[in-house]
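Reading through the structure tokens given below for one structure.
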């Protein structure tokens, strides 16, 4: 058989032409030790803080510590199969998450991966998780109201768009209920909501999602869940993932609301990570930068200036206290970062005062300038009246022979407490709140409060039936308040006439 040189060279040329070997160059290191989801890796000299690493099995990791001869990284996923000596690759990527309208109505994990079984997100945009908060020049003072639908909050501790208002209280005092009611109340208000569940039971998160679906709120809400069974790094990252998704709407000139439920659990997850990374512990074994953990997160909530598109991001962080102790480390940190706090008290909750807001120590530092004029007109003296009632009620326990003025103050205070009670998942529009508070605080032509003759235990029913009556007979009153956002003489006259008419048909039971 004759071997022809030209044929051999042709075959070799064809083989070379089809050969397309790709050389993949990656900086790799090996694991020195791995414990509870934190790995120490040798050999990644070029790694950057916050960079993503690739562990065996495609599991991602996040660089947290950069030391002289090794790197400390948190493993973002199951870590049971990862052993000492396993190779780890640098990706050169900084952690980023999907953002955009595609996330509305979805449930995602702490890294933005869908966990609701409804397929991929198909998001067109991605953003880095850690970015700098807007500076002073880019901001504008808070001036637009963000209604919660709860009389006790909208009247006494109003919240504005772009504000950070802390909700704190012991476990089972209704903190999540306040947050969920706020989401439900903003249906149709062009407010995009983000609910971040940190370290909660999966059954609790499922219940929240069911509630939002039931009331049609899921279409403008995204739920970010890092449950109790997720690794500590996921619980630490989830709030940053949520705020990155919410910032997309803020920066495009729209309005967003983010709820962190709750930041106490994020601080615990961060403490766990820091101790495993052998960072020096401080007070209550938290690391020295636990304040910065929350401040850099909450500073990203802002009301942007007109030049920046006038968008806003409002934050409602939740903190769980132990036995009502607001002076503990994490609560005081977050109180000092936020623009006010709503304190929920277990004693009030058990007495049936729900929402169980302690009006005395709850405050909104910037929300007053965002409150509508009509609410200021009717609720101006409400906080002072309630404070006087609480003071007198404490003294009245010791004496039985009280003068008439004291008895009147106590009777008025009892009715005001009843006036502010509200059922769960029953938020009220601001104009209906104004009507109810007007009926509770203003006087008729005889100088008596409109609800003075109503027995205390029937005030809640009176308020409910009053709204039903006005909706049926005088719908124009609420409409006028909603349009003018103030109570002029004409509206007051119509409201007084309607209250007089209602007083004639309201039946006192018993």
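Note that Cβ sites are derived from N, Cα and C of the backbone, with glycine treated the same way.
Positions annotated as ATP binding site by Swiss-Prot: 169, 170, 171, 172, 173, 174, 175, 176. The number of other CB atoms found within 10 A of the CB of residue 173 (ATP binding site), across every protein chain shown, is 26.
The site 'Required for activity' annotation in Swiss-Prot covers 362 and rests on sequence analysis. Following the DSSP three-state reduction, the secondary structure of residue 362 (site 'Required for activity') is coil. Spatially close to residue 362 (site 'Required for activity') yet at least six residues away along the chain are 156, 157, 340, 341, 342, 343, judged by Cβ distances under 8 angstroms.
For residue 170 (ATP binding site), the count of additional Cβ atoms within 10 Å of its Cβ stands at 18 [all protein chains shown]. Here the binding-site residues are 171, 175, and the one whose Cβ sees the fewest other Cβ atoms within 10 Å is 171.
According to DSSP, residue 169 (ATP binding site) sits within a strand segment.
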